[in-house]
Amino acid sequence: MDSFEASPYFRSDMACIPVKVCIRVRPLSAKELNQGDKEQLECYNRDQIAVAGRFFTFDRVFGNTSSQDDVYDTCASPLVDNLFKGFHCTILAYGQTGSGKTFTMGTEETTDSVGAPTRGIIPRMVETIFTKIASTEDPSLFNVVASMFEIYDEKVFDLLGHERGESLPIRESSRGVYVQGLSQTSVESLTETMKLLETGCSLRKKGGTAMNEQSSRSHAVFTVVIQKAEESESPSFEAKLHLVDLAGSERLKKTMAEGERKKEGIRINEGLLALGNVISALSEGLKHIPYRNSSITRILQDSLGGNSYTVMIACVSPAESNQEETLSTLRYADRTKKIKNKPVVNIDSNAAALKQLQEENRALKKEILRLKSGGAFVADTDEEADVDDIESAELVAAERRILELEEMCQRSLSENALLVAKLVKIEHHGEDQDESLEINDEMDAEDRQQSMEDCARNVHKINGDVDRLKEMIEERKKEFEDASHQNEKDSARFIESREEIRKLNSEIGKLTEEKDSLMRKLKEVTNTGKVSNQYRQRLKELEKEQSALKQKLREYARYESQKKESDKQLAKARSELESAKKMRVDMVKKLRAESTKFMKMKNALDRATVQIQRAERKREIEVAASKRQHERQMHVLKQKLAESQAASKRLQKQFAKQVKTSRSNLDKNRLPDYCSSELDQAINMWEVTEHIKKQMELKKNLERRRDRSHVDDEELEAIVAEIKAREVEIQRFEQWRSEQPCKPAERWIPCSSSEMCATALQSLFELAEKARIDAIQKNQKLLGVKEELRETKKDLQAAQRELELEKRRAAMEDVLDHKRRSRLMSRPPGMLNTMEVIPGDGEEDEEEDDKNDERFPTPKECRNDKYRSRHVIKRAFMLDTSEDAENDKPKDNWDGGILGDPLHKMPKVKFPEL
């Protein structure tokens, strides 16, 4: 298991630490696999990644097989220890849409999935925080507070409020940047925290795009604050953990977003661009960091370049179709590595101030009790000594501060004296100084201004010290008044106690006398035992009263000693107050003296400045007079020179006009050829681009065929070879296209005048006219060729029909011959063959028979459907005049009756192919 606990990044004693950057590569999605995308990322040595031939090095690189445990143990687990030391911590997920940011952070986790092995960073860190709190000696000292908000359309919305209200403002204070009015909920367990996270995620803005069906449309920030109360050994602190799930960068061409989704994508890209500008400014060490350009940059102001331990997890896609976005994300993360933060322990300033006030209050109470009790608390001498030590230390510190202020004033006076000496020197030598002295004057003026500012700052510091001293005196005066008031009460009580003591002494005397008289009576009365017992009892009572009175006397004596001690303390406080007042008077006197000296120095500087300004004005007047005289002399020379220059310019203009005319004629002659060549080059570029697109489409089709499971090895090798051939062809044309100087902005540089532009337009018009005429002529030729082709098709169809009829006629001839032969063979001997040609009376009978019976139709008659049907039916009846016609009919070659359709029920004769 990897861990960075031993690395310098997690050392809390360093002044500056770099932002830790990790890369996580997600696996290919099902959609990418169906599209045939290939992986284009390569990881090396767990800290390097390569894409498109470029190598990047980060703190850690997680491949597509890494688990959630690896990511948490490396990136998030070491931050928990720093969080419990009082440091702010931030985990930032960045990447394009659909790259796995929400899965890595676990923003969409619910209470049911907190125990799953695929849970993200947020539930794991929250569980570790509560486990660590439970393992401490006193878990009641810790308080955990959770809050969640989103940044949508550059506005901050609370996700844990009762309802989604108006946007909240972002404010800044001495403790950092915060969201005013953000609801915060105290949590005590992992389940409560996950319920809040689930509630916030349900209110977060989401929407579907072509790349991600559940795309986050806002930046989400889940904050966990750990507050630790003060202990005897360790102070209190308040540490914040920011878990940021940024919205993914989008390309509208790929997300196919429209309407509101398109506007959201534009605003998301604008916010991420502002964040990139902040990262660039921090990595380059610029003085001005544009935190205020976006809401997300203001929220992350402490996390980037401020008081925080920050880890950035850049999520990327391995698909070849997302190569540009992946490369942009890696560059983004590479710049983030150069940012350095300065984390400090966030001790609660209010708690520290409260502790100090409590200590002071405790000391004052001891002092008041000491003043009240006088010498009653003799046993607490150590505490009184501590209070005296504190007061002595305060006095020593005040005296040391006064000495420092005196030294500061002395240095200021010495500096003022040096400045006055410089001013006097400048005043005496002001008229003889040249340009270098002017520069020195400016520098001296700057020094004077700086010295005056330093002096003003010193006076301001002295005023502050005086104000603080006044406050201290007021406090001492109030304490003295309280002590005086208490002393008055003690004095009144002391007077009362003295009167009481006097009364008690008189009562003691009376009781003593009564005791003596009772003793005498007891001696005298010895006979009666009852009376003796009464006297003895009364005597005991008197002895008790006497002892009680003596005890009161001792108490009042102690009160008297306390009163004396209180008087001493009051006198001491009065002397301290007087010394403080005297100190204040001295400080006021010193302040007045310093102010007087400052005003004198300022007046001297003002006078010196006025004198210098007068000397400068006098010198300027002299310089102006000499300049005017020199200008008058130069004016005459300039007139003569202007005349000669005018003649020279006229000759030069005539010569330049002739040269320009000749060049213009030459350029006009060459311009048509130039326009024609540029047009040819543009057409060639278009043809090459179209060819590249077709080759890429063929390559994709071949890759789909290659990925099929039923392709054999020989076909696979042929497909791979064809893919390589296509890639070589694409590379060859790409190289040719990159070598061509196709820059539209530089195409019309030769047209430097309106005349040249008119010539170029005329040339382009002639080329366009020629191209239009050629296109019309080609269209006309194409129409003629189409008409000829149409006629040829008609002739071909007619020839095919004639050929079909010839085939059918030949088949009919074969059938007739077969019938004749059959009848001849079945005729009885001596019977006349009616199918034979019987000689007639002459040639006219033969011609008539040929016309009526044996004549076949001509090709023109065959095309006549009416004649063709009649003639074929007639011949069919002629064939069936014999009584054996039904038996002699070839059943295998006929498809219907005699009176069927003659065109579709002709003999089925197989013809040889032509």
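Cβ atoms are placed via backbone N, Cα and C, with glycine included.
Database features (TrEMBL):
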- G95, Q96, T97, G98, S99, G100, K101, T102: ATP binding site (BINDING)
- 347-415: coiled coil (COILED)
- 459-654: coiled coil (COILED)
- 779-813: coiled coil (COILED)
- 841-851: compositional bias 'Acidic residues' (COMPBIAS)
- 852-867: compositional bias 'Basic and acidic residues' (COMPBIAS)
- 18-339: domain 'Kinesin motor' (DOMAIN)
- 825-914: region 'Disordered' (REGION)
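Classification of G98 (ATP binding site) by DSSP places it in coil, neither helical nor stranded. All protein chains included, K101 (ATP binding site) registers 26 other Cβ atoms within 10 Å of its own Cβ. Applying an 8 A CB threshold to same-chain residues 6+ apart, the list for T102 (ATP binding site) reads A93, E108, G120, S216, D245. In the predicted model, the coiled coil (459-654) has a mean pLDDT of 71. Residue with the densest Cβ environment among the binding-site residues G95, G100: G95, by other Cβ atoms within 10 Å. Over all protein chains present, the Cβ of G98 (ATP binding site) has 27 other Cβ atoms lying within 10 Å. Note on T97 (ATP binding site): other Cβ atoms within 10 Å of its Cβ, all shown chains, come to 24. The Cβ neighbour count for Q96 (ATP binding site), using a 10 Å radius and every protein chain shown, is 25.
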